[in-house]
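Structure first, then comments.
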Amino acid sequence: MERKKPRLAVWKFASCDGCQLSLLDCEDELLAVAGALDLAYFPEATRGEVKGVYDLSLVEGSITTAHDAERIHEVRRRSRTLVTIGACATSGGIQALRNFADVREFTSIVYAHPEYIHTLETSTAISDHVPVDFELRGCPINKGQLVDVVSAFLSGRRPNTPAHSVCIECKLKGNVCVMVAKAAPCLGPVTHAGCGALCPSYDRGCYGCFGPKETPNAPSLSAWLGGMGLDAKALERVYRTFNANAETFRKESERHAEQDNQG
Amino acid sequence: MPSKTIKVDLLARVEGEGALKLVIRDGKVRRAEFNIFEPPRFFEAFLRGRHFTETPDIVARICGICPVAYQMSAVHALENLVGVSVDGPLRELRRLLYCGEWIESHVLHIYMLHAPDFLGYDGGVQMARDHGDAVKRGLQLKKVGNEILQLLGGREIHPINVRVGGFHRTPRKRELAPLAEKLKWAREAALETARWVATFDFPERERDYAFVTLNHATEYPFNEGRIVSNRGLDIAAAEYDEHFEESHVAHSTALHSRLKDGGGAYLTGPLARFNMCFAQLSPLAQQTAREIGLGESCRNPYRSIMVRAVETVYACDEALRVIENYEEPDTPCVAVQPRSGVGYAATEAPRGMLYHRYQIGDDGLIQDAQIVPPTSQNQACLEEDLIDFIGGFLDLPDKDLQYRAEQTVRNYDPCISCATHFLTLDIDRA
Ligand code: SF4
Ligand code: SF4
């Protein structure tokens with residue numbers, strides 16, 4: 001008799017679908033993953049659904065509605081291991097820009113009938129609501145890291161995702177520093193590794209899509225960027241992108257927002 | 001015939017999350033509602049106050065499956081605004097990038113999302129058990145599209161190499177050469193795909209659609225062209241707002257786009273492009289269409305899977321043309337200086353036309369943004385399809401009827417996450 005395969009579920013909250021799509025973009029590994037796991041719930045890929053408890057849940061997206069704030073508890077109850085994938089799920093994503101603004105104003109900018117819209121004032125990470133077993137960073141996640149996380153789960157080891165900065169990835173790759181050589185503003189020194197120093201390899205600075213690394217010194221980097229000509233407004237924006245609600249980036253952006261207000 | 005209500009709470013194999021409700025009374029479909037319960041993400045609101053050069057990175061995040069479409073519409077609208085035109089090799093590279101997205105997106109839709117409907121599987125992975133060779137061919141073909149995105153964009157999802165004025169870094173000729181070899185294989189695989197999907201069983205249903213598409217004198221449309229329809233529309237992107245309107249109504253979860261002045265619902269996407277721009281397809285793509293029995297026009301939405309296959313042949317062909325003629329540009333990017341004004345552009349996302357408008361100030365900060373994704377534009381048309389077609393299947397058992405309805409929605413490859421202003425609403429269960 002065939003051994004029972006662990007059940008995989010893929011859940012979606014507020015997001016662009018890009019992180020779960022990364023799984024379908026693993027063209028070479030997809031059928032192997034499907035062979036090792038039972039794709040029990042993955043509405044983007046299949047209409048079949050196996051009810052019950054899942055061994056591994058991958059959760060994409062942030063919590064932005066009252067209904068989703070309820071639903072995530074249900075997902076947690078039904079998941080033995082819960083892994084969040086991507087910046088939306090680990091820090092609130094780009095939609096967390098509402099956390100710095102008045103969501104009612106946002107609503108009236110986009111919708112003719114704001115009264116039909118029911119949304120929370122904040123966009124928050126999954127771990128703000130339920131315990132999470134592992135967080136995979138990135139907007140989008142790196143699919144090599146995703147495959148590693150899934151195979152780590154299958155073999156019962158820790159995922160192999162280094163916690164150093166994008167700077168180290170540049171050094172490993174032999175890239176010339178874009179800050180030094182091109183005077184390009186770069187968040188690499190405070191950004192979590194994982195992308196393989198993609199942007200500097202394409203002659204541009206990092207914009208921080210993997211979020212803050214473990215021990216970042218953002219004020220020091222800001223001083224450097226200030227020296228390169230970025231004013232308080234620009235610095236505020238630099239930290240407010242796809243991980244705007246991650247603590248280090250949020251605090252640093254708020255510091256510059258205050259400076260800007262004091263003019 | 002008894003009255004009944006068919007509800008599909010979570011529609012599978014579409015990007016994002018949608019639900020479907022059909023109300024059937026006295027043997028007729030009285031109402032069809034395609035509901036989208038994607039939480040709003042407010043892109044148009046938080047783009048205000050951002051510097052215009054940040055736009056391509058930000059709007060990419062609207063949709064993980066067609067980020068290039070958002071980047072291309074944004075950069076063209078902003079270049080239109082600041083009065084810069086991007087020509088020569090940079091323009092060609094943008095076509096190449098779009099080819100990559102068309103290939104990966106069309107192939108994903110064909111193999112993983114739509115073909116399972118015709119062959120009776122829950123999804124592509126389940127289908128692989130009996131159709132292993134086909135699914136493997138599909139995955140390899142999709143991968144070639146993704147490799148274009150990787151090389152030119154840095155990565156498949158949310159490319160980092162696109163900027164207003166061009167690219168951050170342009171590829172060397174020798175970097176593109178290995179891609180050409182893969183694309184030659186891909187073109188053959190796309191041909192086989194077209195022959196394969198042509199063997200499916202298609203319901204014989206047609207409608208007289210109002211087709212809306214970009215149209216260009218010499219090219220199959222990606223980034224440029226007039227907005228035209230088969231009802232006589234022929235306008236520049238800047239005139240979009242004068243001819244189209246979006247409405248936000250309580251009984252629907254989405255903004256519906258319609259043609260103004262009673263023009264009503266319209267269809268954008270592969271069928272519209274194919275019917276309106278057949279003459280601009282490459283000879284091989286035209287020949288493929290004839291070989292698989294499409295001819296030069298097609299009004300059967302279930303056959304859109306065949307049209308996608310023909311467009312995939314075209315995208316491979318076009319990508320090869322660009323690579324073979326590529327000359328390395330002197331600079332990766334044309335210089336852009338902000339100036340106050342309004343800019344407009346529409347481009348052809350794989351699933352249909354995507355319109356952007358931006359207003360910026362002299363400081364380069366965005367004051368206002370409008371983004372109309374293809375799913376909004378097709379929403380009204382999709383519901384009309386359901387009312388029209390499902391009526392013809394009412395004697396099927398509920399389970400099969402539901403399946404047909406889902407398939408009718410999936411004809412559109414609806415990209416719900418893209419539809420930035422879709423929202424949640426309670427369903428009227430009357
Ligand atoms: S983290 Fe980025 S790629 Fe992933 S779902 Fe969110 S917006 Fe999309
Ligand atoms: S270099 Fe930075 S912005 Fe670029 S992909 Fe890597 S983490 Fe993201």
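Each Cβ is built from the backbone N, Cα and C atoms, and glycine gets one as well.
Cβ neighbours within 10 Å of B:Ile371 (Mg(2+) binding site), excluding its own Cβ and spanning all shown chains: 24. The Mg(2+) binding site annotation in TrEMBL covers B:Glu44, B:Ile371, B:His421.
Annotation comment: TrEMBL describes B:Cys63, B:Cys66, B:Cys415 as Ni(2+) binding site. When secondary structure is read from DSSP and collapsed to three states, B:Cys66 (Ni(2+) binding site) falls in the coil class.
All protein chains shown were included, and the count of other CB atoms within 10 Å of the CB of B:Cys66 (Ni(2+) binding site) stands at 29. Per TrEMBL, Fe cation binding site is recorded for B:Cys66, B:Cys418.
Set side by side, the binding-site residues B:Glu44, B:Cys63 differ in how many other CB atoms lie within 10 angstroms of their CB, and the most is found at B:Cys63. A gap of 14 Å separates the Cα atoms of B:Cys63 (Ni(2+) binding site) and B:Glu44 (Mg(2+) binding site).
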